[in-house]
Amino acid sequence: MKDKPVVIGVAGGSGSGKTSVTRSICNRFSDKTILVIEQDYYYKDQSHLPFEERLNTNYDHPLAFDNDLLIEHIHDLLNRKSVNKPVYDYKIHTRSEEVIHVQPKDVIILEGILVLEDPRLVDLMDIKVFVDTDADLRIIRRLQRDIKDRGRSLDSVIDQYLTAVRPSHLQFIEPTKRYADIIIPEGGENYVAIDIMASKIENILAKNTEK
Ligand SMILES: Nc1ncnc2c1ncn2[C@@H]1O[C@H](COP(=O)(O)OP(=O)(O)O)[C@@H](O)[C@H]1O
Ligand SMILES: O=c1ccn([C@@H]2O[C@H](COP(=O)(O)O)[C@@H](O)[C@H]2O)c(=O)[nH]1
């Protein structure tokens with residue numbers, strides 16, 4: 001019987017570099033070792049709402065996420081069962097029709113703005129990481145990304161930032177830093193932190209193999 005997979009939570013503000021850190025860690029291992037679960041893919045389905053109404057949702061509030069489904073999937077993966085991971089489409093602000101069938105792996109990285117906000121998720125984590133990047137850098141990165149990749153206008157990104165992203169960051173995301181075991185400044189290009197994370201994962205995997 002194999003050990004339970006190791007669960008690593010990677011939280012941090014939007015544009016802090018969570019995805020980049022996660023990708024850099026994954027690149028140190030074979031494709032078979034790490035499964036990434038993006039909390040973003042577990043935004044609540046909003047297909048029943050007209051597009052205009054979906055624009056009013058606060059996507060930075062804990063209630064925007066279907067954490068019940070996310071927790072069910074993490075439990076299944078911990079029990080070495082495969083799951084159908086939902087797919088989220090940022091351009092239409094709802095889930096897409098497709099799902100991705102994913103197999104359990106020895107390491108699960110759960111990445112998202114609010115993964116340290118729900119105690120039920122925190123309880124499932126072996127290592128908790130917070131990627132900590134200054135707000136000015138995060139908004140610049142977000143502007144570039146949302147306009148290029150998520151089909152957004154400059155005005156809509158700024159308006160959403162001021163009305164939802166910034167206040168929710170201060171209220172819900174920033175306070176979760178206190179739960180982190182490791183705080184990674186600046187995100188994606190902090191190779192010292194990424195090396196440390198990779199060594200820690202290697203150690204855990206080696207210990208599990210020795211047993
Ligand atoms: N250290 C860094 N320096 C410069 N750009 C970065 C850095 N880390 C991430 N980025 C860029 O910022 C954007 C947001 O990074 P990403 O990893 O997607 O953040 P998050 O997942 O936290 O929203 C991406 O376009 C990424 O390439
Ligand atoms: O329909 C949506 C769903 C989410 N968002 C924004 O995405 C970020 C989270 O993604 P990161 O990759 O961590 O930046 C969150 O701040 C939401 O505001 C959205 O704009 N529209």
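Backbone N, Cα and C atoms are what each Cβ position is placed from, and that goes for glycine too.
Taken from TrEMBL, the feature ATP binding site applies to G12, G13, S14, G15, S16, G17, K18, T19. As annotated by TrEMBL, domain 'Phosphoribulokinase/uridine kinase' applies to 7-192.
Proximity to ligand 2 (Cβ under 6 Å from any of its atoms) holds for these binding-site residues out of G12, G13, S14, S16, G17: S14. Listed binding-site residues: G13, G15, T19. Those with a CB atom under 6 Å from ligand 1: G15, T19. Over all protein chains present, the Cβ of G15 (ATP binding site) has 24 other Cβ atoms lying within 10 Å. Here the binding-site residues are G12, G13, G17; the one with the fewest Cβ atoms within 10 Å of its Cβ is G17.
Of the listed binding-site residues, namely S14, S16, T19, the sparsest CB environment within 10 A is found at T19.
When averaged over the domain 'Phosphoribulokinase/uridine kinase' (7-192), pLDDT in the model lands at 96.
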